[in-house]
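Feature list (source: TrEMBL):
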type	residues	note
BINDING	Glu100, His103, Lys214, Glu215, Asn218, Gln232, His247	chlorophyll a 1 binding site
BINDING	Arg105	chlorophyll a 2 binding site
BINDING	Leu185	chlorophyll b binding site
BINDING	Arg220	chlorophyll a 4 binding site
TRANSMEM	106-130	transmembrane segment
TRANSMEM	142-160	transmembrane segment
Amino acid sequence: MAFVLSKSSAFGVAAKPVSRRSSVAVKASAVPENVKEARAWIDAWKSKQGGAKRDPSLPSWMPGATLPGYLNGTLPGDFGFDPLFLGADAEKLKWYAQAELVHSRFAMLAVAGILFPELLANIGLSWPGAGVAWYDAGKFEYFAPASSLFGVQMLLFAWVELRRYQDIVKPGSANQDPIFSGNKLPDGNEPGYPGGIFDPFGWSKGDMKSLKTKEIKNGRLAMLAFAGFAAQAYTTGTTPLKNLATHLADPWSTTVWQNDLARL
């Protein structure tokens, strides 16, 4: 290489550098649909983050954080918790609020249905099924096969949920009982808070906002409690009150840290 350059220079000919570069034509392929959807979701998520911000004077689940403005404190138990911005759409937020309310009520019933029968059985009361752990309730022999009871329960649930959905879509449309015409809920009631026969003590005539907040707080606690009961049954194989009695009998040696599965 050096010889070629020197020889060319000697005859007054400018040496041309030898290029080792090669051009490669790259044809862009079409963007896959799943990538397009992911990018669109990310863009929408970013746009939601850039919207109105929550009033910092309102209660916050994360003090000091910038929270979305559509959670403006009007919902019961609103602490601005929506890290994925699922409620940015006003209609979806309304549905999510109703879903949380219903799940809270189910969880409160479930927790009471776990604790009270066990407590009553422990103090000596007896009935068919007394002493059966809550996670074994499905194995108990009832007056009918479990499959039949499950089917009837699903039909009843479907009926109730359909009526609830109708009331959410068109408030007040489900106030009149379709079978027993003498039963009717008060006009102008709010979806999720029917009143009437569902408020025998007339509490809705008082501070309704405070009652709604207390209910949703207790419901959230119940949802966490039921999740804890399920984890407890899986890791210890027994019931909440039995675990509590074992812990109180030896509080320093019987804790979650002594459970091999819980330490995982």
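Heads up, the Cβ atoms here are built off N, Cα and C, so glycines get one too.
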(request) For His247 (chlorophyll a 1 binding site), write down the residues of its own chain that are at least 6 apart in sequence and whose Cβ falls under 8 Å from its Cβ; none is a fine answer. (result) Thr254, Thr255
(request) Using a Cβ-Cβ cut-off of under 8 Å, list the residues of the same chain that are 6+ residues beyond the ends of the transmembrane segment (142-160) and lie near it. (result) 129
(request) Determine, to the nearest whole angstrom, how far the Cα atom of Lys214 (chlorophyll a 1 binding site) is from the Cα atom of Arg220 (chlorophyll a 4 binding site). (result) 10
(message) Let me check the 10 A CB neighbour count of Lys214 (chlorophyll a 1 binding site). How many other CB atoms are there?
(response) 13
(request) Between the Cα atoms of Leu185 (chlorophyll b binding site) and Arg105 (chlorophyll a 2 binding site), find the distance and write it as a whole number of Å. (result) 20
(message) Counting across all protein chains present, how many other Cβ atoms fall within 10 Å of the Cβ of His103 (chlorophyll a 1 binding site)?
(response) 15
(message) What whole-number value in Å do you get for the largest C-alpha pair distance within Glu100, His103, Lys214, Glu215, Asn218, Gln232, His247, the residues recorded as binding chlorophyll a 1?
(response) 33
(request) Fill in the CA-CA distance, Glu100 (chlorophyll a 1 binding site) to the residue listed as 'chlorophyll a 4 binding site', as an integer in Å. (result) 8
(request) State which of the following binding-site residues has the fewest other Cβ atoms within 10 Å around its Cβ: Asn218, Gln232. (result) Asn218
(request) Give the sequence-ordered list of residues that share a chain with Glu215 (chlorophyll a 1 binding site), lie 6 or more positions from it, and have CB atoms under 8 Å from its CB. (result) Pro76, Leu101, Ser104, Arg105
